[in-house]
Amino acid sequence: MSEDTASGRITEESDRSFPGVPVRYIVGALGLLVLAALPVMADMELGLGVPGVFVLVIDELFLLDLTVALYFGMFAMSWDTVSGYTGQISFGHGLFFAVGAYTSALLNLGHGFDPILSIPVGVVLAAVAGIIIGVPALRLRGPYLSLVTLVAPIILLNLFIFRSDIFGGELGLSPGPENFLGYGVGQASMVYYVALALFVFIMAVLLLVTRSDAGRVFTAIREDEDAVASVGLNPAKFKIFAFVLSAAIGGLAGAMYVHTPRGGATYSELFSTTVNVEVIIAAVLGGMGTIVGAAIGGIFVGLVPKLLDELAVEIPGFVPVFGGTSVSEIDFLIFAVITLFLLYVLPGGILRAVIHGGQRARGWRRGDEVATDGGRPQRVITRVVGRWREQLRGDDDE
Amino acid sequence: MSSEPEQGTTAGPDATDATPQTESYGPDDGILVANNLRKEFGGLVAVEDFSFAVEEQEILGFIGPNGAGKSTTFNCVTGFYEPTGGTVWYQGEEVTGKPSYEMVNAGLARTFQHFRPLHDRSVVDNVALALVEDSLFSFSGLRGGTKERAAQLCERVGLADDLHRLPDELPHAGLLRLELARALATDPTLLLVDEPFAGLAGSEVERISTLIRELREEGLTLVVVDHNMRGLLSLIDRAVVINFGSKLAEGTPEEIRNNEEVQRAYLGGDL
């Protein structure tokens, strides 16, 4: 009798607590449909926007920009898997991006491997790099591990400078490697569809992993590693798994990127500090610890600066300092300011804000869902940093 | 009756029963046996050649004032700390220094003195985590079976009305119950309960004691750590008293209550 009550409560509650799921899925499916339809629009050379002020022309150039953004979205999802879920913040995720890209590019350029063969090798080597970085995660916690990830790309860069004859130093490999399946600028739609298919596939894989039992253990590690160990789960195993999975996918994104017409194997594109920071911003901006949010943030960070760069609008003269300047001249500055603003008003990320906005708009009033200070995992980064503080203070159980 | 540090470290299977006089234990002296357990932090000796044995299906009280080394001993036995010296046996097997998750899977569960719930998920999901297999590719949770089992466990410890609350919304006693449910979810044969009575009201102490007694009736062996003597002595079958990292006394609640050394050491002579 009593068991019936308990199970009964479970089903009743779970029906009630996921009223937004279908809506979320519909929105997601619509978004993917729009992405899939873009090449058709490009064929028609459609323009969106206000004529005379800003017109976004969906053309082949735009498709190639979006391709790059999709790979960056994949990269952001890979960061989110390890940092957003297990709380092991990686400050040097470009390392995996670069290992995948350089491996594939070097095999292609130096040994004539077809990208279809060299890319998997890049993925494997990136996964190996994930093990190498992940193993310190067995002993180091929180901020200490993050320091390791901060240093690792610096070591890689100096290795590349030391052997400039192979790696091309800071300037990277020139000329770039072959295009994937030979699709060049002329076949922008195909380049784009390859990226989109892979993007959807990786998102599905990561959603499956993070929604499985392993995902629950990941977030539990983020909350309290000792509590995880105290219920008979080996935190080290799950952390290494997250690192290797993340590294392999980051390596795949890098390797695919480098074989697009837009991508090149250079330091500034793959593992510079800017890249390392941008991927964090992308995931946090989109919604850390959600995968989908990281994907959205990745596309945003990958695309918006390029759109701003192509924007032929002058800032009105009454604006101090910047009056009269063309937007494209200070595109990255504007992008950074927009990002800062969004981070400030949407600390939980774009995805959560959209979902909650939708729920509120439809009149679902689940009090605990709306309260941001009720201990909900709204601000993953707050929780992670909170754990860091505890770890730096020392073990509290004695 | 303090121990002499350097007695024999091994004892045959014919070693006599656990009494304060025989300070050396063998693997078969109980379900959980620690022999000459030692833990140093730098120069500080937190646990000094401490030996004890837990017998099957008893409720053993582990008593000592704050800083006596209770939790350190606990952490050494459960694999959260690596002991500096000594041996731990569990169900006849040596388990010294084994990582904590292996100890849990062998049937030795624990609760934390400072409760460690996962703040990001509901009570029932906290318990459900303990039902997850230690395997990277497990989807059992998606089928919903673990949630039902978790709900049953919550009900077992008296959290039936709080299944979907967040840990932060629970009262102190509720958090203790959550710790117990999570430990029980690992299906232990021995449960170490760290300071259950700290911060509990008298009526709550009684209710938790009843729960612990019921668990023992169901076949569990329990070790309860506390410095709250009054609540503890009425609950336990036997007590081990620790002070300054080594054993001060051992015996039935009456013997402990009447032990002058125990009274003098930190009960202010009043029991």
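Placement of Cβ uses the backbone N, Cα and C atoms for every residue, glycine included.
If you check TrEMBL, you get these features:
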- A:21-41: transmembrane segment (TRANSMEM)
- A:61-79: transmembrane segment (TRANSMEM)
- A:91-110: transmembrane segment (TRANSMEM)
- A:116-137: transmembrane segment (TRANSMEM)
- A:144-162: transmembrane segment (TRANSMEM)
- A:190-209: transmembrane segment (TRANSMEM)
- A:240-259: transmembrane segment (TRANSMEM)
- A:279-304: transmembrane segment (TRANSMEM)
- A:311-327: transmembrane segment (TRANSMEM)
- A:333-355: transmembrane segment (TRANSMEM)
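For the transmembrane segment (A:91-110), the neighbouring stretch richest in Cβ pairs under 8 Å, chosen from A:190-209, A:240-259, A:333-355, is A:240-259. Counting Cβ pairs under 8 Å that are 6 or more residues apart, the transmembrane segment (A:21-41) and the transmembrane segment (A:190-209) reach 3 or more and are in contact.
Within the chain, the transmembrane segment (A:333-355) has long-range Cβ neighbours (under 8 A, six or more residues past its boundaries) at 20, 24, 27, 281, 284-288, 290, 292-293, 296-297, 300-301, 304-305, 308, 327, 372, 378-379, 382. For the transmembrane segment (A:116-137), the neighbouring stretch richest in Cβ pairs under 8 Å, chosen from A:61-79, A:144-162, A:190-209, A:240-259, A:311-327, is A:240-259. Remote same-chain partners of the transmembrane segment (A:279-304), defined as residues 6 or more beyond its termini with a Cβ less than 8 Å from a stretch Cβ, comprise 28, 65-66, 68-77, 79-81, 83-85, 89, 91, 93-94, 97, 199, 203, 206-207, 210, 219, 222, 335, 338-339, 342-343, 346, 348-352, 377, 380-381.
Same-chain neighbours of the transmembrane segment (A:190-209): 32, 35-36, 38-39, 63-64, 66-67, 70-71, 73-74, 77-78, 80-81, 179-181, 183-184, 215, 245, 249, 252-253, 256, 260-261, 291-292, 295, counting only residues six or more beyond its ends whose CB sits under 8 Å from a CB of the stretch. Long-range neighbours of the transmembrane segment (A:240-259) within the same chain, counting only residues 6 or more positions beyond its ends whose Cβ lies under 8 Å from a Cβ of the stretch, are 68, 71-72, 74-75, 77-79, 81-82, 85-86, 88, 90, 93, 96-105, 108, 115, 118-119, 122-127, 129-131, 133-135, 137-138, 176-180, 194-195, 198, 202, 205-206, 209, 214, 218, 265, 269-270.
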